[in-house]
Amino acid sequence: ALRLFTGIGLSEAKARETLRNGALSALLRRAVLQARSALGPALDKATGTLLYNAAARLKDPKHLGFLVGYIARRQILTDLQLNAALEYLRSHPLEPLDAADFEQACGVGVCITPEQIEEAVEAVISEHRAELLAERYHFNMGLLMGEARNRLRWADGKTIKNEVDLQVLHLLGPKTEADLEKKPKAAKARLAPAEKQKVAVVENGDVGIETQSLLEQLRGEALKFHKPGENYKTEGYVVTPNTMALLKQHLAITGGQVRTRFPPEPNGILHIGHAKAINFNFGYAKANGGVCFLRYDDTNPEKEEEKYFTAIREMVEWLGYQPYAVTHASDYFDQLYTWALELIRRGQAYVCHQKVEEIKGHNPPPSPWRDRPVEESLLLFEDMRKGKFGEGEATLRMKLVMEDGKMDPVAYRVKFTPHHRTGDKWCIYPTYDYTHCLCDSIEHITHSLCTKEFQARRSSYFWLCNALDVYCPVQWEYGRLNLLYTVVSKRKIIRLVETGAVRDWDDPRLFTLTALRRRGFPPEAINNFCARVGVTVAQATMEPHLLEACAREVLNEQAPRAMAVLEPLKVTITNFPAPKAFEVLVPNFPADESRGFHKVPLHPTVYIEETDFREEADKGYKRLAPGQPVGLRHAGYVIAVQNVIKDVSGRVIELEVTCTKSDVAEKPKAFIHWVSEPLTCEVRLYERLFLHKNPEDPSEVPGGFLSDLNPDSLRVVHNALVDSSVLSAQPFDKFQFERLGYFSVDPDSKEGKMVFNRTVTLKEDPGKA
């Protein structure tokens, strides 16, 4: 074999590398032996290169003999022709092939004369004559070659280049010293720092401005996804005699439109990983002018609740997407049952009585009922439907082996649980392996996008559609999105709720989407985060601070400013400059005062943060201290300490100060926030729920994730003071409390006592990065 491969021009290293690939070496051996039988034992290197490329790049080996025949007969002579031949075979997967059509597509028998090449180059140079004379040899000669090649598709590239060089030399003469000088590079327009890396991104379902966009990632050739109707061009796609007719019907129904679906199970709340799936499915459809279905995979009635259906749709719409249609797997239960009967009739499914425990794992014993007669399985399946078998006494299994070695996956099982939509109509329910691909087929999904763990089910996906002779979509897998310092599994979140570690699924310390919304994360921030993570095949495990950075960027633009004091210290202005309180105008966005103002009262009594006062000013300390005045933000006054009042324990409880207008006072070292006649509010300050990056990893946390809870993950400030401008705020409204962070109104708020959740601090904590 080594001599055979080196005999066609491969280096010994390349030949050995090829031999390590069993499939490729088998195909190349067949190709070489076939060519030698036609051309003799000595094959030239050009022919050998064509044979190697044909064997390496041909998607369907059954066409190898057909293709090698054309190479051996010297009818395919160039890489250009071979590329056209491979594309033709990829686009025509069914036999018999139309030889005449193939030969026309590949330029077989086309003879390009030197005169034709000369005329084509002459015509192209004539079109660009003025630019050539002006730019001389600095002109892009590749443009001339490309245009000449477009006129003569099958012409030899080297011959075209030689003719271009010859005719350019004839027109311009030999190169001068000026021609040999490097052409100066055109100066690139410099972007302002704020504009760098800004392109379109999905925000609220529309295009906004952020870092590299998910839409850009999902548009065009980046993903190498097939075009609608060209499913057969996908690696591993199984083509049957009915495939092309089914694809033709599919295109007639969809009009060539991209169709995706987001198919959650309604037995839990969506989390940050689902946000990537939502953005990918809805985003890919949007980027390519298509539609996306929201389909509930409601095949497990024991765990499904109406609150999950509602919450899932709310979260999809909160992220800015509108489903093309909202469907349920249960919409198709009748059709799925009919197809199950057909699968049995075709000898591709059987009723089995092995227990669940017996068929678990990858090497269970073969079912003794695998070869039972079709009529017997039909009768027993009908008995399953009528409730004559108890739960676990019978299943319907499909006859196939999956990629991971799992044999004969279950299609139907018995469950005596009423369904939330179909009631008591059914006591048998289909499994994911049976339901998913068939629902995709019914809805004419073009791209069934799912996470990498479903790759092992791709073969069963294709097998089942083809076993029933129905339209077969293409399953594409991508990497999951995970976050450190959290858990997202439904079972573990339920344990956290049951043990009182968190209040519910929307506890702001979790990374469910309802929790992130409650904490105050804007949907645009989550979408931007998904765009930054990108569409990767590998699993992405990210630090939470990257999501928090996305939130800061959006909230900085969206959240109006207000002032709040978490640890109040009373300050009395002894020389208050007016006979009564007055109002101060505070800009909603200090960097852009055109976005409006709000009014804040200023009384003789104000409150500042305890930490903004020290009795002794250390070196580097710039805030309030005796002998060190500070400015009150937005008020136009500078205050200076006159008297410090303490309680019996020596704790400072009040300051008496004098004030001076800012325009006459010496400029202070700092300006601090304050409140006057404020609202008393509850403020909840959140930190990470877990102490370790991977709380589920036994090597990091031997005691299990419940032993890793951070005792300081929530601190409640019951009597924080917030300026009265927030009085009319509604749940989920967001503010920047100046110098403190971004905060969101919690739904627990009630008249007389507002509650705020801290979303993120103003700056990233270096210790968390």
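Note that Cβ sites are derived from N, Cα and C of the backbone, with glycine treated the same way.
Annotated domain 'Glutaminyl-tRNA synthetase class Ib non-specific RNA-binding' per TrEMBL: 2-157, 160-248, in sequence order. What TrEMBL records for 257-556 is domain 'Glutamyl/glutaminyl-tRNA synthetase class Ib catalytic'. The domain 'Glutamyl/glutaminyl-tRNA synthetase class Ib anti-codon binding' annotation in TrEMBL covers 559-659. Residues or ranges marked as domain 'tRNA synthetases class I (E and Q) anti-codon binding' by TrEMBL: 671-746.
Confidence across the domain 'Glutaminyl-tRNA synthetase class Ib non-specific RNA-binding' (2-157), taken as the mean pLDDT and rounded to a whole number, stands at 91.
Helix, strand and coil residue tallies for the domain 'tRNA synthetases class I (E and Q) anti-codon binding' (671-746), in that order: 7 helix, 31 strand, 38 coil [DSSP]. The residues of the domain 'Glutamyl/glutaminyl-tRNA synthetase class Ib anti-codon binding' (559-659), classed with DSSP into helix (H, G, I), strand (E, B) and coil, number 6 helix, 52 strand, 43 coil.
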